[in-house]
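Listed in Swiss-Prot for this protein:
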BINDING   GLY69, GLY70, ARG91, ASN193  substrate binding site
SITE      LYS34  site 'Transition state stabilizer'
SITE      LYS253  site 'Transition state stabilizer'
Amino acid sequence: MTDLLSIAPRDKAEILAQALPYIRKFHGKTMVIKYGGNAMTDPALQADFAEDVVLLKLVGMNPVVVHGGGPQIEQALNRLGKKGEFIQGMRVTDAETMEVVEWVLAGEVQQDIVGLIHQAGGKAVGLTGRDGGMIRAKKLKMVDNKDPSVEHDVGQVGDIVAIDPSVVKALQDDAFIPVISPIGFGEENESYNINADVVASKLATVLQAEKLVLLTNTPGVLDKEGKLLTDLTAREIDALFADGTISGGMLPKISGALDAAKAGVNAVHIIDGRVPHSMLLEILTDQAYGTMIRSH
(Lines of atoms letter the chains of each structure in order from A and count residues from 1; the text may use other names and numbers.)
(Lines give C-alpha, C1' and ligand atoms only; values in the text may rest on other atoms or scores of the structure.)
Protein backbone atom coordinates (compact mmCIF):
# COMPACT_ATOMS: atom_id res chain seq x y z
CA MET A 1 0.00 0.00 0.00
CA THR A 2 1.28 3.48 -0.79
CA ASP A 3 2.90 5.24 2.16
CA LEU A 4 0.54 8.04 3.20
CA LEU A 5 3.52 10.36 3.67
CA SER A 6 4.32 10.07 -0.06
CA ILE A 7 0.84 11.17 -1.17
CA ALA A 8 0.61 14.71 -2.51
CA PRO A 9 -1.32 17.17 -0.29
CA ARG A 10 -4.01 17.69 -2.96
CA ASP A 11 -4.56 13.91 -3.17
CA LYS A 12 -4.77 13.68 0.61
CA ALA A 13 -7.42 16.40 0.60
CA GLU A 14 -9.39 14.53 -2.07
CA ILE A 15 -9.29 11.33 -0.01
CA LEU A 16 -10.64 13.18 3.03
CA ALA A 17 -13.34 14.85 0.94
CA GLN A 18 -14.49 11.46 -0.39
CA ALA A 19 -14.81 10.19 3.19
CA LEU A 20 -16.96 13.12 4.34
CA PRO A 21 -20.36 11.80 3.09
CA TYR A 22 -19.76 8.51 4.87
CA ILE A 23 -18.68 10.24 8.06
CA ARG A 24 -21.93 12.23 7.99
CA LYS A 25 -24.02 9.16 7.15
CA PHE A 26 -22.58 6.97 9.90
CA HIS A 27 -22.17 9.59 12.64
CA GLY A 28 -23.50 8.16 15.89
CA LYS A 29 -23.94 4.70 14.35
CA THR A 30 -22.60 1.48 15.86
CA MET A 31 -20.07 -0.60 13.93
CA VAL A 32 -19.44 -4.09 15.28
CA ILE A 33 -16.07 -5.41 14.13
CA LYS A 34 -14.90 -9.02 14.44
CA TYR A 35 -11.11 -8.84 14.69
CA GLY A 36 -9.21 -12.00 13.83
CA GLY A 37 -6.86 -13.73 11.44
CA ASN A 38 -3.55 -12.29 10.20
CA ALA A 39 -4.61 -8.81 11.28
CA MET A 40 -4.10 -10.04 14.86
CA THR A 41 -0.63 -11.53 14.38
CA ASP A 42 1.18 -9.10 12.04
CA PRO A 43 2.55 -6.12 14.06
CA ALA A 44 2.02 -3.62 11.24
CA LEU A 45 -1.57 -4.77 10.68
CA GLN A 46 -2.20 -4.68 14.44
CA ALA A 47 -1.16 -1.02 14.54
CA ASP A 48 -3.25 -0.24 11.44
CA PHE A 49 -6.31 -1.85 13.00
CA ALA A 50 -5.97 0.11 16.24
CA GLU A 51 -5.54 3.38 14.34
CA ASP A 52 -8.60 2.63 12.20
CA VAL A 53 -10.78 1.90 15.23
CA VAL A 54 -9.65 5.08 16.96
CA LEU A 55 -10.32 7.13 13.82
CA LEU A 56 -13.87 5.76 13.58
CA LYS A 57 -14.46 6.80 17.18
CA LEU A 58 -12.95 10.26 16.67
CA VAL A 59 -15.23 11.01 13.69
CA GLY A 60 -18.32 10.16 15.70
CA MET A 61 -18.98 6.46 15.11
CA ASN A 62 -19.25 3.81 17.82
CA PRO A 63 -16.93 0.89 17.07
CA VAL A 64 -17.34 -2.28 19.14
CA VAL A 65 -14.58 -4.87 18.81
CA VAL A 66 -15.15 -8.61 19.27
CA HIS A 67 -11.90 -10.54 18.96
CA GLY A 68 -10.87 -14.08 18.25
CA GLY A 69 -7.62 -15.74 19.22
CA GLY A 70 -7.46 -19.16 17.60
CA PRO A 71 -3.71 -19.14 16.80
CA GLN A 72 -2.83 -17.91 20.29
CA ILE A 73 -5.02 -20.57 21.91
CA GLU A 74 -3.45 -23.24 19.71
CA GLN A 75 0.05 -22.11 20.72
CA ALA A 76 -0.86 -22.25 24.41
CA LEU A 77 -2.36 -25.74 24.03
CA ASN A 78 0.76 -26.91 22.18
CA ARG A 79 2.94 -25.71 25.05
CA LEU A 80 0.83 -27.90 27.34
CA GLY A 81 1.17 -30.84 24.98
CA LYS A 82 -2.53 -30.72 24.13
CA LYS A 83 -3.81 -31.01 20.56
CA GLY A 84 -6.71 -28.84 19.43
CA GLU A 85 -9.72 -30.50 17.80
CA PHE A 86 -12.42 -28.91 15.63
CA ILE A 87 -15.83 -30.14 14.54
CA GLN A 88 -17.70 -28.14 11.88
CA GLY A 89 -15.53 -25.10 12.58
CA MET A 90 -16.03 -25.17 16.37
CA ARG A 91 -13.20 -25.87 18.83
CA VAL A 92 -13.89 -28.89 21.06
CA THR A 93 -13.52 -27.42 24.56
CA ASP A 94 -13.03 -29.68 27.58
CA ALA A 95 -12.51 -28.22 31.08
CA GLU A 96 -8.74 -27.87 30.69
CA THR A 97 -9.08 -26.24 27.28
CA MET A 98 -11.69 -23.84 28.69
CA GLU A 99 -9.20 -22.63 31.29
CA VAL A 100 -6.65 -22.01 28.54
CA VAL A 101 -9.24 -20.21 26.38
CA GLU A 102 -10.19 -17.84 29.22
CA TRP A 103 -6.60 -17.11 30.13
CA VAL A 104 -5.45 -16.51 26.54
CA LEU A 105 -8.45 -14.47 25.35
CA ALA A 106 -9.12 -12.30 28.40
CA GLY A 107 -5.64 -12.20 29.91
CA GLU A 108 -3.48 -11.92 26.82
CA VAL A 109 -5.16 -11.16 23.49
CA GLN A 110 -7.74 -8.71 24.83
CA GLN A 111 -5.18 -6.75 26.82
CA ASP A 112 -2.88 -6.48 23.79
CA ILE A 113 -5.73 -4.99 21.75
CA VAL A 114 -6.67 -2.55 24.51
CA GLY A 115 -3.03 -1.47 24.76
CA LEU A 116 -2.74 -0.91 21.01
CA ILE A 117 -5.87 1.25 21.00
CA HIS A 118 -4.47 3.31 23.86
CA GLN A 119 -1.18 3.74 21.96
CA ALA A 120 -3.18 4.98 18.96
CA GLY A 121 -4.80 7.67 21.10
CA GLY A 122 -8.11 6.00 21.94
CA LYS A 123 -9.75 4.81 25.15
CA ALA A 124 -10.64 1.13 25.32
CA VAL A 125 -12.05 -1.18 27.99
CA GLY A 126 -11.69 -4.95 27.84
CA LEU A 127 -14.68 -7.16 28.69
CA THR A 128 -15.75 -10.78 28.60
CA GLY A 129 -19.34 -11.93 28.34
CA ARG A 130 -19.31 -12.35 32.12
CA ASP A 131 -18.88 -8.63 32.73
CA GLY A 132 -22.18 -6.93 33.42
CA GLY A 133 -23.91 -10.26 32.83
CA MET A 134 -23.53 -9.53 29.13
CA ILE A 135 -23.60 -12.98 27.47
CA ARG A 136 -25.70 -15.78 28.94
CA ALA A 137 -25.13 -19.12 27.28
CA LYS A 138 -25.91 -22.82 27.38
CA LYS A 139 -24.10 -25.88 26.06
CA LEU A 140 -24.19 -25.99 22.28
CA LYS A 141 -25.99 -28.97 20.79
CA MET A 142 -24.17 -29.54 17.53
CA VAL A 143 -26.04 -31.56 14.93
CA ASP A 144 -24.00 -33.11 12.13
CA ASN A 145 -24.31 -31.13 8.89
CA LYS A 146 -24.71 -34.27 6.79
CA ASP A 147 -26.64 -36.54 9.19
CA PRO A 148 -29.12 -34.68 11.46
CA SER A 149 -29.54 -37.81 13.59
CA VAL A 150 -25.92 -37.46 14.78
CA GLU A 151 -25.09 -34.99 17.56
CA HIS A 152 -21.49 -34.03 18.37
CA ASP A 153 -20.30 -33.33 21.92
CA VAL A 154 -18.04 -30.27 21.71
CA GLY A 155 -17.69 -29.75 25.47
CA GLN A 156 -17.94 -26.23 26.89
CA VAL A 157 -18.81 -24.57 23.60
CA GLY A 158 -21.65 -22.15 24.16
CA ASP A 159 -24.89 -21.36 22.41
CA ILE A 160 -25.98 -17.80 23.19
CA VAL A 161 -29.20 -17.57 25.21
CA ALA A 162 -29.33 -13.79 25.60
CA ILE A 163 -27.14 -10.69 25.36
CA ASP A 164 -27.57 -7.73 27.71
CA PRO A 165 -25.86 -4.83 25.91
CA SER A 166 -26.22 -2.30 28.74
CA VAL A 167 -22.53 -2.38 29.74
CA VAL A 168 -21.50 -1.88 26.10
CA LYS A 169 -23.88 1.05 25.67
CA ALA A 170 -22.63 2.64 28.90
CA LEU A 171 -19.04 2.47 27.66
CA GLN A 172 -20.02 3.90 24.28
CA ASP A 173 -21.81 6.80 25.94
CA ASP A 174 -18.67 7.50 27.97
CA ALA A 175 -16.44 7.65 24.85
CA PHE A 176 -14.82 4.24 25.38
CA ILE A 177 -14.26 1.53 22.78
CA PRO A 178 -15.44 -1.87 24.11
CA VAL A 179 -13.14 -4.81 23.35
CA ILE A 180 -14.98 -8.07 23.99
CA SER A 181 -13.65 -11.60 24.49
CA PRO A 182 -16.18 -14.25 23.33
CA ILE A 183 -16.72 -16.00 26.66
CA GLY A 184 -20.19 -16.54 28.12
CA PHE A 185 -21.58 -17.93 31.37
CA GLY A 186 -24.28 -20.49 32.15
CA GLU A 187 -26.90 -21.07 34.84
CA GLU A 188 -24.37 -22.72 37.16
CA ASN A 189 -21.82 -19.96 36.53
CA GLU A 190 -19.89 -22.27 34.22
CA SER A 191 -17.86 -20.70 31.43
CA TYR A 192 -18.51 -21.24 27.74
CA ASN A 193 -16.25 -20.76 24.76
CA ILE A 194 -18.33 -19.08 22.04
CA ASN A 195 -17.30 -18.60 18.43
CA ALA A 196 -16.26 -14.95 18.03
CA ASP A 197 -18.06 -14.57 14.69
CA VAL A 198 -21.29 -15.72 16.34
CA VAL A 199 -20.83 -13.29 19.25
CA ALA A 200 -20.14 -10.41 16.86
CA SER A 201 -23.22 -11.25 14.78
CA LYS A 202 -25.55 -11.55 17.78
CA LEU A 203 -24.16 -8.40 19.38
CA ALA A 204 -24.61 -6.44 16.15
CA THR A 205 -28.25 -7.50 16.11
CA VAL A 206 -28.90 -6.56 19.75
CA LEU A 207 -27.14 -3.20 19.36
CA GLN A 208 -29.03 -2.51 16.09
CA ALA A 209 -25.67 -1.86 14.47
CA GLU A 210 -25.36 -0.06 11.17
CA LYS A 211 -22.64 -2.44 10.02
CA LEU A 212 -21.09 -5.77 10.97
CA VAL A 213 -17.56 -6.15 9.59
CA LEU A 214 -15.80 -9.52 9.83
CA LEU A 215 -12.04 -9.50 9.17
CA THR A 216 -10.69 -12.73 7.66
CA ASN A 217 -7.59 -14.25 6.08
CA THR A 218 -9.22 -14.36 2.64
CA PRO A 219 -10.45 -11.68 0.20
CA GLY A 220 -13.99 -12.66 1.25
CA VAL A 221 -16.17 -15.65 0.37
CA LEU A 222 -14.68 -17.60 -2.53
CA ASP A 223 -16.30 -20.04 -4.95
CA LYS A 224 -14.79 -23.44 -5.74
CA GLU A 225 -12.50 -21.88 -8.36
CA GLY A 226 -11.19 -19.36 -5.83
CA LYS A 227 -13.08 -16.42 -7.35
CA LEU A 228 -14.37 -13.75 -4.99
CA LEU A 229 -18.14 -13.64 -4.54
CA THR A 230 -18.85 -9.97 -3.92
CA ASP A 231 -22.55 -10.23 -3.06
CA LEU A 232 -24.45 -13.16 -1.55
CA THR A 233 -28.12 -13.67 -0.70
CA ALA A 234 -29.63 -16.22 1.69
CA ARG A 235 -30.60 -18.51 -1.19
CA GLU A 236 -27.10 -18.40 -2.68
CA ILE A 237 -25.54 -19.10 0.72
CA ASP A 238 -27.77 -22.16 1.22
CA ALA A 239 -26.54 -23.51 -2.11
CA LEU A 240 -22.90 -22.95 -1.12
CA PHE A 241 -23.50 -24.80 2.16
CA ALA A 242 -25.15 -27.68 0.31
CA ASP A 243 -22.36 -28.21 -2.23
CA GLY A 244 -19.56 -27.87 0.34
CA THR A 245 -18.12 -24.61 -1.00
CA ILE A 246 -18.52 -23.09 2.47
CA SER A 247 -17.02 -25.36 5.11
CA GLY A 248 -14.86 -25.46 8.24
CA GLY A 249 -14.31 -22.14 10.00
CA MET A 250 -16.35 -20.31 7.36
CA LEU A 251 -19.53 -22.14 8.44
CA PRO A 252 -20.18 -20.23 11.70
CA LYS A 253 -18.90 -17.01 10.12
CA ILE A 254 -21.33 -17.06 7.20
CA SER A 255 -24.23 -18.41 9.28
CA GLY A 256 -23.81 -15.63 11.83
CA ALA A 257 -23.44 -12.98 9.14
CA LEU A 258 -26.64 -14.12 7.46
CA ASP A 259 -28.52 -14.18 10.77
CA ALA A 260 -27.44 -10.58 11.42
CA ALA A 261 -28.58 -9.49 7.96
CA LYS A 262 -31.95 -11.18 8.43
CA ALA A 263 -32.32 -9.53 11.86
CA GLY A 264 -31.94 -6.02 10.45
CA VAL A 265 -28.24 -5.12 10.55
CA ASN A 266 -28.06 -2.76 7.58
CA ALA A 267 -24.81 -4.04 6.07
CA VAL A 268 -22.74 -7.16 6.73
CA HIS A 269 -19.27 -7.37 5.18
CA ILE A 270 -16.63 -10.10 5.16
CA ILE A 271 -13.33 -8.46 4.22
CA ASP A 272 -9.63 -9.24 3.92
CA GLY A 273 -7.87 -8.32 7.16
CA ARG A 274 -4.50 -8.77 5.44
CA VAL A 275 -5.05 -5.58 3.43
CA PRO A 276 -3.84 -2.52 5.39
CA HIS A 277 -6.74 -0.28 6.46
CA SER A 278 -9.27 -2.52 4.69
CA MET A 279 -11.85 -1.64 7.33
CA LEU A 280 -11.58 2.09 6.61
CA LEU A 281 -11.71 1.42 2.88
CA GLU A 282 -14.96 -0.50 3.37
CA ILE A 283 -16.63 2.00 5.69
CA LEU A 284 -15.38 5.38 4.47
CA THR A 285 -15.07 4.99 0.69
CA ASP A 286 -17.23 3.89 -2.22
CA GLN A 287 -14.75 1.14 -3.03
CA ALA A 288 -16.35 -2.24 -2.23
CA TYR A 289 -14.08 -4.81 -0.60
CA GLY A 290 -14.78 -8.43 0.19
CA THR A 291 -18.24 -10.01 0.28
CA MET A 292 -21.50 -8.35 1.26
CA ILE A 293 -24.14 -10.61 2.82
CA ARG A 294 -27.81 -9.81 2.17
CA SER A 295 -30.93 -11.49 3.50
CA HIS A 296 -32.65 -11.34 0.08
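Along the chain as shown, residues are numbered 1 onward.
Cβ atoms here come from the backbone N, Cα and C positions, even for glycine.
Look at GLY70 (substrate binding site): DSSP puts it in a helix. Max Cα-Cα distance over the annotated substrate binders (GLY69, GLY70, ARG91, ASN193) is 12 Å. Ranking the recorded positions LYS34, GLY69, GLY70, ASN193 by the number of CB atoms within 10 A of their own CB puts LYS34 at the top.
Of the recorded residues, LYS34 (site 'Transition state stabilizer') and ARG91 (substrate binding site) place their C-alpha atoms 17 Å from one another. Cα spacing between GLY69 (substrate binding site) and LYS253 (site 'Transition state stabilizer'): 15 Å, rounded to the nearest whole number. A straight line from the CA of LYS253 (site 'Transition state stabilizer') to the CA of ASN193 (substrate binding site) spans 15 Å.
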